[in-house]
Amino acid sequence: MTRVFSGIQPSGVPTLGNYLGAIRNWVPLQDTHEAIYCVVDLHAITQWQDPADLRRQTREMAATLIACGLDPKRCVLFVQSHVRAHAELAWIFNCVARLGWLNRMTQFKDKAGKNQEAVSSGLYVYPNLMAADIHAYHATKVPVGEDQKQHLELANDIAQKFNHDYGVDFFPNIDPLIQGVAARVMSLRDGTKKMSKSDPSDQSRINLNDDPDTIAQKIKRAKTDPEPLPEHMAGFEGRPEARNLVGILAAITDTLPENVLREHGGQGFGAFKTVLADALIAHLAPIQAELKRLLEDPGALDAALRTGADQASAIAEPIVAKTRDIVGFLPAK
Ligand code: AQP
């Protein structure tokens, strides 16, 4: 069975963007692939995380993934720092990736902003760790949102250079799996910026644990324009906020934006926003109830994550041991 790997940072509460662009698409892959999913806490500390918050967010992220439908019996679900292979392989990849490649990464530029000198070096080499996450399992498919495509291309460049430099055919090529009509959900405050869990404005996103009143209020205040909804897709030109809200309703109701326009085109945003908020509240309610239940038993959650880490180590450790040998490290024993 083809092996898939994906991860999510415990850098806050998962958003509707994380859910529609990634998590929701991970669920069916459990039945068709050998699926490995990871809460990537090593990635999260590339930007400052308060230690107590990080611990809580890591547990909450794992619980959210399970509440969204990941089943630790049908996939390998674990926390990245519990499996040493990730950090070790990342170091080797730091020595393979070229500075010129990293300089082209748009996510670094977005996250570092104007003050590049002041961000951590971890943020800069983040894509090397991501490459290690995937290659440590010889995974060949990676379900991600569209924003991660460039990092996956870099992971392939690293694999090719490693194979070439050491004269081996060891790390396979990987393909992104970008699924769904909402592969990129945009901020509710700015339709040109992606929805992000670490955006300073809570109004810019729907958090998966937002209560119904908060969801309704955030959708009501979401930025729009004075025109009614277009009748056809061509009418979205220059209207990123309208496109985003329609895309969200399409994704949440499992249809295409064209169909949403067929039903709601010509409507004012007031009425449309009520429909959208109601659909979101109804969709998230069972996930939120399950999340609450899971968080009432942190012991069971931690035990499931320990089992997941053991399963993950059993796959990754032999691959990283072989990598050490290829590189020429003297065996430890
Ligand atoms: N707005 C989005 N639309 C679609 N997919 C998205 N993803 C993130 N935002 C959107 C997908 O979610 C997965 C996990 O992302 P991550 O937590 O590893 O990091 P990220 O991409 O940097 O996500 P955030 O929410 O923006 O986190 P912060 O704010 O901490 O940096 C990935 O598959 C991503 O494509």
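Cβ coordinates come from backbone N, Cα and C, glycine included.
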Q9, P10, S11, G17, N18, G145, E146, D147, K194, M195, S196, K197, S198 bind ATP per TrEMBL; candidate in V27, V185 listed for that same site: V185
Neighbour count (Cβ, 10 Å) for K197 (ATP binding site): 20
Distance [Cα-Cα, Å, rounded] between S11 (ATP binding site) and D133 (L-tryptophan binding site): 17
Secondary structure composition of the motif ''KMSKS' region' (194-198) [DSSP: H/G/I, E/B, coil]: 0 helix, 1 strand, 4 coil
Secondary structure tally of the motif ''HIGH' region' (10-18) (DSSP, helix then strand then coil): 3 helix, 1 strand, 5 coil
D133 (L-tryptophan binding site) and V185 (ATP binding site), Cα-Cα, nearest whole angstrom: 24
Folded-back contacts onto the motif ''KMSKS' region' (194-198), same chain, C-beta under 8 angstroms, at least six residues removed: 9, 11-18, 47, 147, 184-188, 204-207
